[in-house]
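Trainee: The domain 'Potassium channel' annotation in TrEMBL covers 35-75, 110-186. If you look up TrEMBL, you'll see 53-75, 96-121, 133-150, 162-182 marked as transmembrane segment.
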Amino acid sequence: VLRVLSPDLVRRLLNLAVRAFQVPKGESLNFPESTPGYGHTVPLSDGGKAFCIIYSVIGIPFTLLFLTAVVQRITVHVTRRPVLYFHIRWGFSKQVVAIVHAVLLGFVTVSCFFFIPAAVFSVLEDDWNFLESFYFCFISLSTIGLGDYVPGEGYNQKFRELYKIGITCYLLLGLIAMLVVLETFCELHELKKFRKMFYVKKDKDEDQVHIIEHDQLSFSSITDQAAGMKEDQKQNEPFVAT
């Protein structure tokens, strides 16, 4: 038997549907900030999709520039200065100090941004165990972003907006930490040798030809100036009759 829905019941169902598809404030902040691209927040209208494309074209390069600038400044204080200090102050080999420092920095980063957050997520998320929480941290910070695990989606989640903002800060700091570790390992002497194998070799013959031509031009100009100065001196010398 079919029953005709009352207008009041239809209105309530529509309100529930709108609330279900409404994007929380914390998640709307996380949507443009996180480069992993996980989650269920997607534009539905054509205007929203067009705005998302334009925003991404402008926002992604600025985000990369921001991360690059921050990572370069952090690397100076976290990697280069400590390695140089131990090399000069204690006389240790710079290569050995750089390797030990890179390993310790990697261990601290994995502990602070993988193991500890995984333990926190396993407590805050009812349906997640430690492995699933660690999986979420790895997928997010490695910028894979599959979207199969999204925190803060439970019905009984307390302080949802604050929780989402905290996750956004965690992702931003985690990406910076991962880039700092990657930059630290790339500065190792052994990895620099490996990277040189993939560099494009410059045409040294052309460079040497340009250098030789420049040197010859400089030498010829100097000799011309010297010859001119000698002629001027001879002309200015007084004539002495013998």
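Even glycines carry a Cβ here, placed using N, Cα and C.
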Trainee: Give, as a single whole number between 0 and 100, the mean pLDDT over the domain 'Potassium channel' (35-75).
Mentor: 84
Trainee: For the domain 'Potassium channel' (35-75), what are the DSSP-based totals of helix, strand and coil residues?
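Mentor: Within the domain 'Potassium channel' (35-75) the tally stands at 30 helix, 0 strand, 11 coil.
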Trainee: Based on DSSP, tally up the residues of the domain 'Potassium channel' (110-186) by helix, strand and coil.
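Mentor: Result for the domain 'Potassium channel' (110-186), in helix, strand, coil order: 54 helix, 0 strand, 23 coil.
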